[in-house]
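Notes to accompany the following structure.
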Amino acid sequence: MSGGWNTIESDAGVFTYLLDNLGVKDVQFEELLSLDPDALAQLHPVYGVIFLFKFPTDTPYHAGDKPLDGTFDQDAAERLFFAAQTIQNACGTQALLSVLLNKTPDSSSSTDEDTIDIGPALAEFRDFTMALPPEYRGEALSNSELIRDVHNSFAKSSPFVDETQRQPDEGDDAFHFVAYSAVDGTLYELDGLQPAPISHGACRRDDFPARVMDVLQRRIARYDTSEIRFNLLAMVRDLRVQARELGDLELLAREERKRRDWQFENALRRHNFVGFAGEVLKGVVAAKLKEGDGAYDKWIDQGKQSMLKRREERKKGAGGGGGEDVEMAG
């Protein structure tokens, strides 16, 4: 059950402005296009990563009392912010919070560079939930109106489907978000569908890029080689802060442009354009009819031919490993 939580896209602009709207200061997300540790290290400081993957429905998600990789750390479930996932569509925001709420000044992170100003609303939420066991933290998260409303404000608009009521078809692929972060000198995998945080061993802050990429490579290797639907987002310090500190005006301008682009894209997500498209189509049809001499019928025939051509091209390209957008949301 979605419990009133809509799906959101795994997109750096969506997650960055989700942070902003929750009151978090000087933090953003960057999408990583490879598993090269150097690409992640260049974004220093890195607070953690969020990984999106196809949820395995035909194989066990964990092997009894131990995960497929790493070890369960039951004690860490109490001292870290770790919440059981109780709502299906909330896993993106839950993964975000799993990194964020373990990087506060009063958490176990020890240096100023490792900590994040999460703002008063999330600080109050963290203070309240840390006294609860993981399953009740998950319930508190799913029932938080503030977090749910901010999350839902980034859902894609659909004029045809009520996403809060839609039940996935049995054949639909399911996707899931998990978080990885170094806390207390240990690399943790924080996944609300698991019974506890998963420890992947000792990890200093500077070792995080190499250690987390090694874990992700092993995870991806468990899939068929034809499966390429993965996405990786890094939670890092706002790059505009670094640009101002270095006096790098070119970087600052580039980052400001990126923010404006993200704002525009997020605004588009909140609206559907069916009415607008309908009015444009009616105007084009009226213009073709006004031309006379069979202009309308010729236009329809051209459209049919173009559609058949695209269909044939799509058939030829089938099995090529991409080309079509996939709804990847957990």
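Cβ coordinates are placed from backbone N, Cα and C, and glycine is handled just like the others.
As written in TrEMBL, here are the features:
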| type | residues | note |
| --- | --- | --- |
| DOMAIN | 4-237 | domain 'UCH catalytic' |
| SITE | GLN85 | site 'Transition state stabilizer' |
| ACT_SITE | CYS91 | active site, nucleophile |
| ACT_SITE | HIS176 | active site, proton donor |
| REGION | 307-330 | region 'Disordered' |
Review point. Reported as an integer number of Å, what is the Cα distance between CYS91 (active site, nucleophile) and HIS176 (active site, proton donor)?
Key: 7
Exercise for review: Take the C-alpha atoms of the residue listed as 'active site, proton donor' and GLN85 (site 'Transition state stabilizer') and report the distance between them in angstrom, rounded.
Suggested key: 11
Study note, to complete from the structure: The average per-residue pLDDT within the domain 'UCH catalytic' (4-237) comes out at 87
Review point. Do any residues at least six apart in sequence from GLN85 (site 'Transition state stabilizer'), in the same chain, have a Cβ closer than 8 Å to its Cβ, and if so which, in order?
Key: CYS91, GLN94, GLY138, ASP191, GLY192, LEU193
Review point. How many other Cβ atoms are found within 10 Å of the Cβ atom of CYS91 (active site, nucleophile), counting all protein chains shown?
Key: 27
**Study point:** Count of other CB atoms lying within 10 Å of the CB belonging to HIS176 (active site, proton donor)
**Key:** 22
